[in-house]
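Student: Would you mind keeping the following structure in view while I ask a few things?
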Amino acid sequence: MQQQGNRFFFNVDWITVLIYIALCTIGFVSIYASIPHHDPAASFDFTSSYGKQLIYIITGLILGLSILLFDGRLFNVFAPFIYGITILLLIIVLFVGRNVGGNQAWIPIGSFRLQPSEFAKFGTALLLARYVSTFNPKFRDIKSIFIAAAIVLAPLLLIMLQPDTGSALVFLAFMFPLYREGLSGYFLLIFLGMIVLFVADFLVPTYILILILTTIGGLFIYANKRKQKLIITTVLVTLVAIGYLFLVKVAYTKVLEPHQRSRIELMLGLKTDNKGAGYNVIQSQIAIGSGQATGRGFLQGTQTKYGYVPEQSTDFIFSTIGEEWGFVGCSVVIGLYIFLLLRLVNLAERQRSTFSRVYGYSVACILFFHVFINIGMTIGIIPVIGIPLPLISYGGSSLWSFTILVFIFLKLDSNRMGFI
Amino acid sequence: MEQLFNRKYVIQGLFIVVALILLAKLFYIQIFSDAAFVAAESNVLKKKFKYPARGAILDRNMKVIVQNEPVYDLMVIPNEVKEFDTLALANALEMTIDDVHKSLKKAKAKSNYQSTPFSKQISVQSYARLQEILYRFPGFSTQDRTIRHYPDSVAGQLFGYVKEVSQTDIDKSEGYYRPGDYIGKSGLERSYEDVLRGEKGVVNTVYDVHNTPQGSYAQGKYDINAVSGDRLISGIDIEVQKLGEELMQNKVGAVVAIEPATGEIISLVSSPGYDPNILVGKGFGNNYMDFIVGNPYRPSLVRPIQGYYPPGSSFKPIDALIALQEGVIDPNMTFNCPGYYMAGNHKVKCEHVDGNISMRRGIARSCNTYFCHVFQKLITKNGMKNQRQTYQDWRDKVAKFGFGAKLDIDMPFERKGYFYNADHYDKIYGKRWGYTTVISQAIGQGEITATPLQIANAMAVIANRGYYIKPHLIKGIGDKKLVKKEYVTKNYVDVDPKYFEPVIDGMQDAVNTAWGTAVLSRIPDIMMCGKTGTVQNPHGKNHSVFIGFAPRDNPKIAIAVIVENAGYGSTYAAPIASYMVEKYLKRSVTGARASQIEWMKAQNLLPPLIDKKNKTKLSKADSLAVKKIDSVKRVKDSLKIKSAVIKQSVSTKPAKSKPATINSTKPETR
């Protein structure tokens, strides 16, 4: 109470703020570069995408700083309420939403469009933190796992209905905070195993996979032939895995949309389509690859300048960075993200309150999913999943939602000595 | 709790591993592989070629004989075309509205975004009309380029023609030619293609994703300016060439005139010829079929370098020279001519009975008997048993005059003629052959054939008293006037210069004395030396041949004239040669000889045609009637065939020729 004038900003982790500002600046510069046909003589244009992004950044910063003015305890208290609102918005958007690019994801408010799925992320993070901090479950019992899963799956499924698979997938990131809070590591392994089997199912004939799985299972049983319980589990796991293989085949053709199938096939190299569905990824990779070590230089990227990469200022913004700043620029951006993620995790670990810790992990892991999926997509190691690159991609909703995510955590962190 | 705290490292570790995976892939596509860089360049960069002007060709008096003429193409970029007044465009181009739609469709099929020809080689009038209204037709533009023009309308086979490259040309050029480029296909245009074509320029333009040009690439750093083709200076005297073609009109044959001291070709007439301008631009296809393929006298055969003729009597001076060099005769040695020569029981006839005859008179009178004796002496000089080897030695000595091998003229498709080695006769006769077997070669008949170029070249050897320089058409390439090394090298025939004079004496007499065979072709004030030949032709009437050079001292021109199926050498070939020599040396032919020229031009000696299918003989009128007369009218009257058509349609005179006689294998020369 002595430092009256500095009360609100006391203990704020300014390093994170600096990284935040650095990433936003990189975003602005990249969006500026992504506009084709630059007229060097033209004055600054606030109606253009880079002009709007500058407004978003400034308002985002104001928003972030004003979050720091709140009492951190409010977020804990209002968590269910905020979660409720975001769920409501996700339902509303299904009825009144504006259809943009096949997704019913936007609620038009005047000239502005709100994307509820972006805000659902911090609503979910808050409620999950609240649940874990209140009941302190160790996720050893089915009930607590079920409740946590419900909190995450509710928005996830609603977003799937839009249908915005990309944004929905991000909610899988909540697995990591739960893991940190005691969820068995097997869940992560099963999740990893599912991805591996999914990919393998396309690349290797199914009967060979079955052969491999039974061999591994058999060897495992042989090594543990005294432990009857383990043998039963192994048999079950092997059978489930084999069943999963067939399920994948069926689900792939029955559930996934044709464009999603082709994106997966393109990513796995099962087909090439440089003009159609593969065009984005190919042009994005050409742009990034042509940047070589040090890049073509600001505004010098031909892929960028002459409009060869569609969606370049939003989902494919990383290709601008890759082309104009090269491997060095890419490394700097990835380095900044990793530094931010590691720092967020370290900050989360120093919290006394479980609420702050769970929330901190959630923020870090959501950011991680976004960064990994988005960059992975632009360089062709992940199928095209349209989610933005945090703080860099063009767009107000996404920028503000990340701002809110990060600054709420900074506020909680500044209160870390207190008990919420 | 302690354990759960450690899970932080699992999560942080995962972050780092994933970051490393991303960086690894980035390293691969950005640094390790340059495929993406290449792909990016090919995305935006398009090369546009600038076509250089083709090199001009000058004659020996620096008159331009091959040049370029501008033509205009109307180009269109289909996707820039808005709705337009098709009628106005059709009127300006003098085409129908249907054609406008068709052309547009065709252009669209080629490319929607690239500038594509809409109408090629539009007339100057159309071009002028278009310039005023073109602004009303967005997407259309005019493009000028040049085509070949041959101001004198002569020497079609000599100049050759230029045509769009074929796929084979493109494949062979290792990337130089692209579809739509032009290439010299025959004649000089072909043999000097490398220097005439110049160097293509390149403009690198950057295009955006909509294929709209965005300016030059790297400030034009990698652009290349087009370099015009080199100018060629030829040895051709276009006035002499023109006279030669006029004299040879309505005749089949060839004329080759060479400047002996340099090997430069002054004139190269292949008859029937054609106007090279008919094979330029729009009309190429039709004209090629009508006038080249469709002409029964095969103008596609470049007779001076591809036609095979027995050298006939023109071979006799060479016999004499070698015999003198070998020492088997001396100029005063005489042989008795009873009007024939008996080679075993084989009789070689002579046109006259001269009694004892020496070399000078033997040449002047073209005595077969004399030269058969000379040949007998040449082949038997090492004894009857060594005739095979002696024949081979003789053959090699004659070959030094340029027979039996290509002379490497700077024109494509030269042929080498036949002049057999001893092996050839071994195959036919075994070991049992001797001078009597090959006696026809003594008088340039039988198995030996030569191109008119080779015959003219042999004359240049005599004019030079013992050497020749390979005959060539181009004496200077480009501003530095370069010339190939082989075209300045003297090729000696290994006959001592002193032996030439007695031979030349005989040739002088042939033209300049009362008893000479070509006395009617004597040129006032110019001492021409020459030799007539009447080449026995197994397929029809004898060929009329004349070879010669002038003046006797310090000769300026050596010439060979062959008129197929024209009979005696003195009647046609010799006068034609004399007019051309006079024209070359005096720049004009005057007096009575000027009117003789007109008479000669008017002579129609076209041989009758044989319908190969029915084996019947067509009259000239019949064969020419096959050709479309209206198609002939489209071309300038320089085309020789036209006058033939008119002449035939006017004249009621029956076809001049008799059926071909394929009777005697006995050579008859005069």
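Backbone N, Cα and C define each Cβ position, glycine as well.
The feature transmembrane segment is assigned by TrEMBL to A:12-33, A:53-70, A:77-96, A:142-161, A:182-200, A:206-223, A:230-252, A:325-346, A:358-385, A:391-410.
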Student: Quick check: do the transmembrane segment (A:77-96) and the transmembrane segment (A:142-161) share at least 3 Cβ pairs under 8 Å, counting only pairs 6+ apart in sequence?
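Tutor: Yes, the transmembrane segment (A:77-96) and the transmembrane segment (A:142-161) are in contact.
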Student: Under 8 angstroms for C-beta pairs, at least 3 of them, ignoring pairs fewer than 6 apart in sequence. Is the transmembrane segment (A:230-252) in contact with the transmembrane segment (A:325-346) by that rule?
Tutor: no
Student: Per the 3+ Cβ pairs under 8 Å rule, pairs at least 6 apart in sequence, do the transmembrane segment (A:53-70) and the transmembrane segment (A:391-410) touch?
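Tutor: Yes, the transmembrane segment (A:53-70) and the transmembrane segment (A:391-410) are in contact.
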Student: Which residues, given as numbers and ranges, are at least 6 beyond the ends of the transmembrane segment (A:12-33) yet have a Cβ under 8 Å from it?
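Tutor: Beyond its ends, the transmembrane segment (A:12-33) has Cβ neighbours at 49-50, 53-54, 57, 60-61, 64, 68, 298-299, 301, 304, 313, 317, 320-321, 324, 333, 336-337, 339-340, 343-344, 347, 389-394, 399, 403, 406, 410-411, 413-414.
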Student: So if I exclude everything within five residues of the ends of the transmembrane segment (A:182-200), which remaining residues of that chain have a CB under 8 angstroms from its CBs? That is, six or more out.
Tutor: 137-140, 145, 148, 172, 175-176, 209, 241, 244-245, 248, 268
